[in-house]
Amino acid sequence: MQDNKQCNGCEQALNLLLKKAKDDKVETVWGRALAMQPQCGFGEMGVCCTNCSMGPCRIVKISPDGPKKGVCGATEDTMAARNLARSIAAGSAAHSDHGRDIAEALLNFVKQKRPIKDKEKLKLLAEEWGIKSCDDDTENLVAKVAKTALDEFGKPFGHLRFVERAPKKRKDIWESMNVVPRAIDREIVEVLHSTHMGCDADYRNIMNAAVRAALSDGWGGSMIGTELSDILFGTPAPHEVEANLGVLKEDSVNIVIHGHEPTLSEAMVIAVNDPEMIEMAKKQGAESINLVGMCCTGNEISMRHGIPMAGNFFQQELAIVTGAVEAMVVDVQCIMPSLSQLAKCYHTKLITTSCKAKIPGAIHIEFDEIKSIECAKKIVQEAVINFKNRTGNLLIPKEKSKGKVGYSVEAIIKTLDGVTNTFAHPSGTVKPLVDAIKSGVVRGAAAIVGCNNHRVPYDKCHVELARELIKNDVLVVTTGCGAHACIKAGLMSDDAVKLAGKGLATACGLLKIPPVLHMGSCVDISRILHLVSMVANYMDVDIKDLPIAAAAPEWMSEKALSIGTYAVASGIYVVLGVSPQVTGSENLTKYLTSDMEDIYGGRFDIEPDALKAAGKIINHIENKRKALQI
Ligand code: SF4
Ligand code: SF4
């Protein structure tokens, strides 16, 4: 494991809690990662295969005498590509199933006659999809949009509707490669089929299916998840929130909500504000109920409700170690199974809520969308009655920071319009953004996304990269656990403008925006795709021509692989801080880091050093500017 040097007070808070964990004799991800060393070289290189019971087979690279083929004859290229493709399909499945759940929730809202939050966005989406309805019949329109979205998962013919948002030149490339995503489920199933034992053995063809599955995530499942969440729960707008574990309160019932889907967290926000629940908490001796968010759920509820962001992936265990958490409530994805054992060492109740993600030892309260508030209240009650079980073994770090969150595409355009619209052009366009980039005041934009990973210094990679980019007048947008790292480091506050280069600082000062913009959860990377498509369409170029890039400095999940792949296939240069498990195949490694650029105009690069990664991104952006002659 690497050293943990990172941002401001973050390091201090981290060290305090790691020491407490040691004193309390509980294990965390840091200790388990150390115990895991050395990690399996075959797995790291992607050259082991368990696709049939003749295996496991592995390719021995270090000795000339070792096996160079599996029992069936599969080569290193086939094995590595199949493994990668399956991971991409799993990532796409996770995001897309989330999207499907949101579409079902939308339909349930109609059945329950519950109001949606953003009627304007509903109308715009219905118009985009060619769905007609009477103006005054919102219910009917909601139902039609929800059903149309659900059809995107299994329709037998045609391609995904959101593909139409991409520039024509991009769609032409996808068509020429036969990777235009059709139904979402179909693309995921096709990867599993083609990578079954004795099926596709051509690494390039396997990657085509993987690219199509990834595109069905970014331009399908994730985009559906984001758009429909906004319709249901409101399109985010900028506001200030607090972040880091210092948001836990000693005198209150602390509930950490962790996972991904906003349906649960939205109901929790209502439940914790219920006077009956607050009264119950007071009777237990607490001042109030303090709901805080972790990982992507943290992003979702902070950007819609200003709920504090407790922390990212590597802070989920540390939240429990504080001894101040009455309940950690989880739904799906990025939840460490270790939490249930850890919770038992303190008074915390770990509450699982999804039939897709149960953990032995946890309390399970199934979240029922139809009875969402009832379920959420039941969960809150469990937390409240647990307040009295707190022991004196409490340590809440003081560290917390403030920053602005909630920069949806709509919010970014509105912010730009508010300051720069001279009425010489219609409002609601990306023209001001394009002007700022064309003039060179802002050199370009980079997305910093993704997780935490013990292979690289925690949070430091996100933060160092963001600092270096804004210093060089590159606007940063961020999502997921990268967003948590940036807000903790103060990079989303107005004060962070001081860290930006002269051009970016001027633009941010004028617009009153921080130089690092929070765009939401991992699913919300679809917002970034939408924004870059609007910019490319406005400039009448392809996405690959824009002075933009992306980075996932600390990525770890299969979802991140799917995101990286759809970004590259959309024409974006993507720098990874951790190598995917493919290096056992030189051909596949070359395909990802070089050949894909010839095909799609985007490619992967691997650079664990944040400053070097920044240098590569800046170089890429300047080259794109030159090519555009701006
Ligand atoms: S599919 Fe081939 S390489 Fe994989 S486990 Fe079976 S025999 Fe081995
Ligand atoms: S950024 Fe990674 S770790 Fe964080 S919530 Fe998303 S997938 Fe999970």
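In case you wondered, yes, glycine gets a Cβ from its N, Cα and C as well.
From a predicted model like this one, the values you see are computed outputs, not experimental measurements.
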For the [Ni-4Fe-4S] cluster site that TrEMBL gives as His260, Cys296, Cys334, Cys481, Cys522, the extra residue out of Cys199, Cys375, Cys451 is Cys451
In TrEMBL, [4Fe-4S] cluster 2 binding by Cys49, Cys52, Cys57 extends, among Cys10, Cys72, to Cys72
Here the Cα-Cα span from His260 ([Ni-4Fe-4S] cluster binding site) to Cys49 ([4Fe-4S] cluster 2 binding site), rounded to a whole number of angstrom, reaches 31
Filtered by Cβ under 8 Å and at least 6 apart in sequence, the residues in the chain of Cys40 ([4Fe-4S] cluster 1 binding site) near it are Cys48
Filtered by Cβ distance under 6 Å to ligand 1, the binding-site residues Cys40, Cys48, Cys49, Cys57, Cys72, Cys334 reduce to Cys49, Cys57, Cys72
Between the binding-site residues Cys57, Cys72, the one whose Cβ has the fewest other Cβ atoms within 10 Å is Cys72
So Cys296 ([Ni-4Fe-4S] cluster binding site), by the Cβ count within 10 Å over all chains shown, scores 31
Surrounding the recorded [Ni-4Fe-4S] cluster site, with Cβ no more than 8 Å from the Cβ centroid of His260, Cys296, Cys334, Cys451, Cys481, Cys522 and those residues left out, we find Cys295, Asn299, Asn312, Phe313, Gln333, Gly480, Ser521, Ser557, Lys559
For Cys296 ([Ni-4Fe-4S] cluster binding site), the spatially nearest of the binding-site residues Cys49, Cys52, Cys57, Cys72, using Cα atoms, is Cys49
Mapped onto three states, the DSSP assignment of Cys296 ([Ni-4Fe-4S] cluster binding site) reads helix
